[in-house]
Amino acid sequence: QLTPSFLRIGQLSNVDLNEDIRELETELPRQHPNEIPHNEKLLSLKYESLDYDNSENQLFLEEERRINHAAFRTVEIKRWVICAMIGILTGLVACFIDIVVENLAGLKYRVVKGNIDKFTEKGGLSFSLLLWATLNASVVMVGSVIVAFIEPVAAGSGIPQIKCYLNGVKIPHVVRLKTLVIKVCGVILSVVGGLAVGKEGPMIHSGAVIAAGISQGRSTSLKRDFKIFEYFRRDTEKRDFVSAGAAAGVSAAFGAPVGGVLFSLEEGASFWNQFLTWRIFFASMISTFTLNSVLSVYHGNAWDLSSPGLINFGRFDNEKMGYTIQEIPIFIFMGVVGGILGALFNALNYWLTMFRIRYIHRPCLQVVEAMLVAAVTATVGFVMIYCSRDCQPIQGSTVAYPLQLFCADGEYNSMATAFFNTPEKSVVNLFHDPPGSYNPMTLGMFTLMYFFLACWTYGLTVSAGVFIPSLLIGAAWGRLFGISLSYLTKGSIWADPGKYALMGAAAQLGGIVRMTLSLTVIMMEATGNVTYGFPIMLVLMTAKIVGDYFVEGLYDMHIQLQSVPFLHWEAPVTSHSLTAREVMSTPVTCLRRIERVGTVVDILSDTSSNHNGFPVVESNPDATQVAGLRGLILRSQLIVLLKHKVFVERANLSLVQRQLKLKDFRDAYPRFPPIQSIHVSQDERECMIDLSEFMNPSPYTVPQEASLPRVFKLFRALGLRHLVVVDNRNEVVGMVTRKDLARYRLGKEGLEELSLAQT
């Protein structure tokens, strides 16, 4: 019996593996089994690693020697140009999303509001409910269909996927143009469809896709090559630009350039240097500035740069919003509450995601579920507004769509400000409405309902972020907390509910996603207030410590549920007893330095072992000489060699033979042709192929006695894809790849080893 290792909710998802296997056997003739057995103690083999390490073969070294100092300077200038372009384009995409959402949502709310006002007088409000639910469900249906049927990678916020990409895992389709288009359309539709989602998370993914696209100077989806930036066509460079794109996405979403850089540092990039920081900061600044200027022009005040991000928390003025020393324990207590609620959210979502992976894996079912959630969200909102008797005077309030319903003339329903609005606006209202705008009962009911709605919504097949819903839940219970405090202290001056709404929002978000550093800075930049730096940091740290005690963060949880071989910063603490000999994969498929073409083709075509790197050993070992390691060659390089037919026999006909350049390898990147598409005739199979100038002659190696933490550190810090294990005679004994290291994880009982699965 496998018991998931978090809370005792785990008891519900016990799986008897034999039963599952029996079920599968009986249902194999049908294409879709009803249940996919899924277990989080697996690592999937469908993910490949990125090559962060350059292959320093003779071609590479010759090219680098040819480039003089001036040429290197132009490369550096190109990098800055690319970063500026990333910033500008990310800002423009954010503007597009913002303007379209504002107009479509405004249209929807005006239609529904007119309808409700009409039917309040003459009865028949059930028709209004039907209209609202139908509008929501139909919009979400479109948004869900494009994601489920066209590009499933665009589902969710995309942060786990980008986190994996920056960690060095190649997730299929994650930085394609198609993904970007679906992502942008999907997020517009899901926010307009009234789901409990925000448009901030997907901005990070969009920025990353834009960066990956621009830095390559061509689009493989559109089959267009602009012949620029060819030097950057390799994983090393592409990955640095993707981290810049992710940062630009954060800073466009929250108006927080420094927060964006820190987000890339904390959540994403595994490799970091000073130049990269400076370029990423540049991209973030440009993206915020672009968004700001375009939105200012759109709102009609061209010279007033007042909207730096997609969400603007508004200014908190210092006079009435200071804090005193005796409030610090209160803030810490709020952090504890946020951590517990965040852990509850993650545990429920974990359980729900397991259910989704097992039963809701057909696209049509996923679309139906998304429509169901949309309709339920509208219904819950309507029923809450209908049952609420909380009326507030209209004058002096900043409500976009005041619903009167059963209130007296000149008053509006205050539950409607929370539900009948886009989530961003609701958050700002909770932060800034004057004390007394909300009834505690209203806030309590709203928090409860929205918590479950947001939990149910995250992980649907729509593009949507979890940032804003968490902020909204937190702001609601924070404000409730502030109101009850001022009741208890008989209305002292320091219990301003807006301040507690801010702290609650930080606590809730920190408890769900568990980011500390970047989140503190993002909240400070978004509120434009440095005074709160210390309390926000305290709240976030407490929330993270308390939450981690129960269950891991939401993004890490989803990475683990998708069985991605993700490498954390350090090897598991108790793993010193393991050595490279126990971790490595054996036996290794080696190639000789001068190899028969037929052998190479057979090795590459063998589906049972789809290796991507092959150690190259000395070609003719006689009795005196051992077959020592001479280099390492990649599958992609071999495929290019076979495609261009670089064989020794042809090298003698030096007129025909065009020297292969690095450009030939770069042009094939990133989608190398599969071996099946390359035709090798029977005569060619007998030719020989010389690998010496294409292999990397100095691959990283470790002796087989090295301990696991040492191997891990080398592998992780250099971003390797293959690490060759040799014995004391320099003969190849094994190979360490990402899966061998990611297999070992610290569980509740100590070190546990995951099994590998072909899913």
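Using the three backbone atoms N, Cα and C, a Cβ is placed for every residue, glycine included.
Database features (TrEMBL):
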- 80-101: transmembrane segment (TRANSMEM)
- 129-150: transmembrane segment (TRANSMEM)
- 180-197: transmembrane segment (TRANSMEM)
- 241-263: transmembrane segment (TRANSMEM)
- 275-298: transmembrane segment (TRANSMEM)
- 330-352: transmembrane segment (TRANSMEM)
- 367-387: transmembrane segment (TRANSMEM)
- 441-460: transmembrane segment (TRANSMEM)
- 466-488: transmembrane segment (TRANSMEM)
- 500-524: transmembrane segment (TRANSMEM)
- 530-551: transmembrane segment (TRANSMEM)
- 695-753: domain 'CBS' (DOMAIN)
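Panel annotation: around the transmembrane segment (367-387), residues 125, 128-129, 132-137, 139-141, 143-145, 148, 193-196, 356, 360, 403, 405, 413, 415-416, 419-420, 445-446, 449, 453, 456-457, 460-462 of the same chain, lying at least six beyond its termini, place a Cβ under 8 Å from a Cβ of the stretch. Regional average pLDDT for the domain 'CBS' (695-753) in the model is 87. Taking pairs at least six residues apart, the transmembrane segment (275-298) and the transmembrane segment (80-101) share three or more Cβ pairs below 8 Å and count as touching. DSSP places the residues of the domain 'CBS' (695-753) in helix, strand and coil in these numbers: 16 helix, 20 strand, 23 coil.
Panel annotation: around the transmembrane segment (500-524), residues 250, 254, 256, 258-259, 262-263, 265-267, 313, 316, 331, 334-335, 337-343, 345-346, 427, 430-431, 466-467, 470-479, 481-482, 485, 530, 532-533, 535-537, 539-544, 546-548, 552-556 of the same chain, lying at least six beyond its termini, place a Cβ under 8 Å from a Cβ of the stretch.
Long-range contacts of the transmembrane segment (80-101) within its own chain (CB-CB distance under 8 A, at least 6 residues past either end) are made by residues 180, 184, 187-188, 191-192, 199, 203, 206-207, 210-211, 214-215, 229, 232, 241, 244-245, 248-249, 252-253, 279-280, 282-291, 294-295, 298, 310, 422.
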